[in-house]
Amino acid sequence: MVSLHDGSPIVGHEAFSANGRLVTEFLGIPFAEPPVGELRFRKPKPKAPWRKLFNATTLPNSCVQSLDSYFGDFDGATMWNSNVPSSEDCLYLNIFIPGKIDPAAKLPVLLWVYGGGFWSGCATLEIYDGKIFASEENVIIVSMNYRVSVFGFLYMAREEAPGNMGLWDQLMALKWVHKNIDLFGGDPNRITLFGESAGAAAVSMHLLSPKSTPYFQQAIVQSGSATAPWALEQRKVAIARSVALYEDMKCGNMSKDPEKWDLNKVLQCLLDAPAELIRDSEWAPVMEFVDFPWVPVIDGDFLIEQPSTALKQGNFKKTQLLAGSNLDESIYFIVYQLGDIFPPNDFFTKNDFITNRSTWLRSISNLLPRSYMKSQLGLASIIHEYEPAELPVKPNDWIDSLDKMLGDMHFTCNVNELALANNIHGGDSYYYYFTHRSSQQTWPSWMGVLHGYEINFIFGEPLNSQKYKYTQEEKELSRRFMRYWANFARTG
């Protein structure tokens, strides 16, 4: 049993990791009041202390989100779907402690922020289970839920819907860890934030936000950064999206003239509607590739200025940063976007989806932002940079060049930009590039080393021999990943 610093008593339980080591885990500790009713779109409120023993032994709900069914029940896609019931009452965190609790241990702490395009994700996925990582490396792993989609990022420029609620949720969890982790044997002065994709973009936003910087020491960003084109939305676009949502939900019709919008009506409709109804319309406002509908905004509160400006001027936490990306970052997203070129029915039997230059060019026009398509010169230079040079061009070459073009744009270059800025302004940046295709990968081999699939190695999945058949080399690779991440958390 542990009594938190506010006197609230909680009990966890001892478990064994899949590699046979003892771990103490606490699942579903509440760090904020449930964001329900009037609190639906507000900043989180700290959890009031409780007196009755809280049983932290079952996985918490995930936050309300839609599930991916595009490829039916194919496990490569469904492994990212929430594995627990979803609810608006979802602000909970999980703690994985090696062995038994020793309050004097002062172990380094790694706090995980999941990805999912800011529209999905939850801390309870099997792939994020912290038991193997914690027990192999003698570190404490913490993971938190934060609100996603409309519930996490509706922006209406008022305190009932200030935007960035999901980031405020993360910050509240971070403050909770900073305040209480010593009771679990963690060192509050050695907290490393780590996240992937939208989770990495969020971690970089904590580096940019003076609100967050006192509560953690260093950061790991995997395949995402605040300067990614999908990571932020302009405020006026965000407000227009709330109106599009309102109309799609059949709450009513708004004028075509933004000056005449009645945002009180929009907000009231969204506060009164069942969560499922909002969720089912969440994609209504979106048109473009990797354009997620509900994402952070520069609200003047959590985020003060454009990330690219902040990075140029050094307005961020200069610290130890570990950053990197994967070989084939964007192919995962391309196959969802280009259903006519990659039909789900042929997906696992064919591999010659793009056989000529005209199909390739057509794909580009469906993938690049419209603003890029308008600049003839810009477009020509992008095509020149990425067009396959080796003749004869094989179908896979066309696909690879698309993947590199979009992967650089959406993931790789912005991670590099963050790492470089941190270095220039006096921080230390360490870099990795992940190029190993897992032997257990179920996506077709022509897709290569996909976005997100370094995570299996970081959380030690290859060491779970009861369930998976990884090679000896892969087990070693996973051990190295965990060692590098943990050593970074220990000493920077």
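From the backbone N, Cα and C atoms, a Cβ is placed for every residue, glycine too.
Quick caveat, the model's predicted, so the values are computed rather than measured.
For Ser197, the entry in TrEMBL reads active site, acyl-ester intermediate. For Ser197 (active site, acyl-ester intermediate), the same-chain residues that are 6 or more apart in sequence and have a Cβ closer than 8 Å to its Cβ are Gly115, Gly116, Gly117, Gln222, Ser223, Gly224, Phe411, His451, Gly452.
The active site, charge relay system annotation in TrEMBL covers Glu329 (among others). The C-beta environment of Glu329 (active site, charge relay system), restricted to residues of the same chain at least 6 apart in sequence and closer than 8 Å, consists of Ser223, Asp403, Leu406, Gly407, His410, Phe411, Thr412, Leu450, His451.
Here the Cβ of His451 (active site, charge relay system) has 26 other Cβ atoms within 10 Å, regardless of which shown protein chain they belong to. The active site, charge relay system annotation in TrEMBL covers His451 (among others).
For 9-492, the entry in TrEMBL reads domain 'Carboxylesterase type B'.
His451 (active site, charge relay system) falls within neither a helix nor a strand when secondary structure is assigned with DSSP, and so counts as coil.
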